[in-house]
Amino acid sequence: RFCSSIPPSAMGSRVVAVESSRPEMSEKESSKGSCMSSFARFPVYITCICANAVFQGMIVNGFISTSISSIEKRFNLSSTKSGIFSATYDVAVAVMLIPLAIYSKRINKSFVIGVGMILVGLGSLCIVIPQFSEGNYSVGSLQSDHCDSSRDHSCMEQPVSPWAFPILLASQLLVGVGAAPLFTYGYSCIDEFDAHKRTGKNMALFMGVSTLGPAVGFIGGGYLLKLWGDIGKTDYTELGVAGTADPRWYGAWWIGFVVAGLGCILSAVPMCFFPRKLYDTDERKKGDVALTHKKLDVDYSGHKWEYLKTFQLFLYNRTCMSLIAMQTFESLVMNGYITFIPKLFENLFGYSSSWAAMLTGIIVVPMGVLGNAIGAGLASKTSHSFTTMMKTTIVLNLIVVACSSVLFLRCDERPIAGVNRVWSNSSLGGTCSAHCECDHIFNPVCDQRSGVSFFSPCHAGCQRPLDHLTARDWNGCSCPDSTKVSKGWCTVDCNVTQVIFFTVFAIMAATIFSGGPILQNAALRVVSFDHRDQFICYGWMWMRICGSIPGAVVFGMLIDTTCLHWIKDCGDSQKCVLYDTTKLSLYTFLFTIITKLAVLIAQVSAWKSYVPIKGSDEEDQKNAENGA
């Protein structure tokens, strides 16, 4: 039942015998596999696992992101609770990595991936349980945004049972537990079932397809949010809700989770029937070259403390820890960017929230596919040498460092009455709008004549328009000189700056994605076959605990320090509505440059500390470099 270890003689040769490094199928597995001899082959396998990655991405990185505001509104969640809800997934993944590493040699990893994805589907379906158990959505009264001296600032919160939030957390736990095998065992299985020289291309395909899931989730989730959340149960017009422009509107966020959950379960079923070894593996693995680190060519099979010894081996090996540090710092900056890049675009260039989110998808998804394609080509050309892989990632990282200076580009700061522009007649809470009770209102408007913005029609001293729900223009305003304002911030002309920024940013995004397949290939090559799964799980544990989980928190804290004006919501929660773009650019640049320089140090450390196994081409190359 255990994978047979690679003997030192085989590891010392230039070509590794594939048969000695693969577990033999039992009679039960062989008979089961004979029924699928035409399907248990690598092309079918990569297709199935990619389909699973698409549905996982739709749920975790797509629908969760687009639905979080609707979930907060529907179940009356504070920002703290919604943060806990999002982080539960990463915590579940991190906890699962330990048993995945320990039992990797005893199980059929493809079967575990399939069962895990079934759990992801069930978790996705469980998320919608509170939607139906909590009854109908309570609309509440509409808070007007025009000047109103008799305004009522009281809040009407959505009544929710105490079980709703625990159910949401439990569903996220299921999704996290189920998704953990996909990106740990998934990587190792792809590497085990095909030639090493094609690992880079396979990883690029897997990672590239993974970006399609979030894209479908963002687009589909955005469309579903235009449908009424209690569809078929209540009529929003009878409740006094004017439509999607009404701030009391909440969309049908739950439909996406139902569709993706069912799709996830269906795509997971074929994974459960793949044997431990595919029928074409031996033929594909002929000619694989060993690049294992000399000090990592150790076999602890049968040792009482086998797994502790293995983790100790990784911990004390400089090359291993350098690779893990590299991946951890990358996940730190990537998770921060994924979470907050729409907000960055929104504030640097004055975009609306919807356009900033859409622009993020327009840039990130194509650049992710292009970057992974470039990474596939580079990985296939460098797969023969760990040293060459590291040098390639160093060059790519230096390009990202150079491109990150584009973060200093931004539109000129827009003038806002009472904030950064002294207005003869107005300030926040000034004389012309002092009687309007505007403290908690934010709906930016623009005085086209002066080019000065106001926080809301209320702050501009505007009276209630005839159609106050869909109004885009307000007349009879006491603060602006023109007595008329229009919805939205005043625009600042910086078209050339935007073209330069997004061109360079797209290059930076593609370069970051192109390093992924190479880095993953290097991590798989540097350890022996028997330790591959443990090393992936060990690395992912560091990435989650020290990278993904704190990444968004650190980035968010940095962004909050640049806030110029906070507005309180119901209760004690508050949100920032205006940022200092100069500080925002600077802090984002510093966050990026510091983490990328840390990645660079880790890359150089991995390159310099690598010791190839005796008798390999890599050893000859390393000796030649040292001799030079």
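Placement of Cβ uses the backbone N, Cα and C atoms for every residue, glycine included.
Bear in mind that TrEMBL entries carry predicted annotations, made automatically and left uncurated.
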Stretch carrying transmembrane segment according to TrEMBL (options 110-132, 386-408): 110-132
The transmembrane segment (545-567) in contact with the transmembrane segment (110-132), cutoff 8 A, at least 3 CB pairs, sep 6+: no
Touch test for the transmembrane segment (499-524) and the transmembrane segment (313-334), at least 3 Cβ pairs under 8 Å: yes
Tertiary contacts of the transmembrane segment (42-64), as residues 6+ beyond its ends and Cβ separation under 8 Å: 86, 89, 110, 113, 117, 120-121, 124, 175, 179, 182, 186, 189-190, 193-194, 202, 205-206, 209-218, 220-221, 253, 256-257, 260-261, 263-264, 267-268, 270-271, 274, 278, 280-281, 284, 338
Listed stretch, out of 110-132, 163-183, 587-607, that has the most CB pairs under 8 angstroms to the transmembrane segment (84-103): 163-183
Selection from 163-183, 204-225, 252-274, 587-607, the stretch that has most Cβ pairs under 8 A to the transmembrane segment (110-132): 252-274
Whole-number mean of pLDDT values that fall within the domain 'Kazal-like' (426-478): 72
Folded-back contacts onto the transmembrane segment (587-607), same chain, C-beta under 8 angstroms, at least six residues removed: 318-319, 322-323, 325-326, 329-330, 332-333, 336, 344, 387, 390-391, 393-394, 397-398, 400-401, 404-405, 407-408, 522, 554-555, 558-559, 561-562
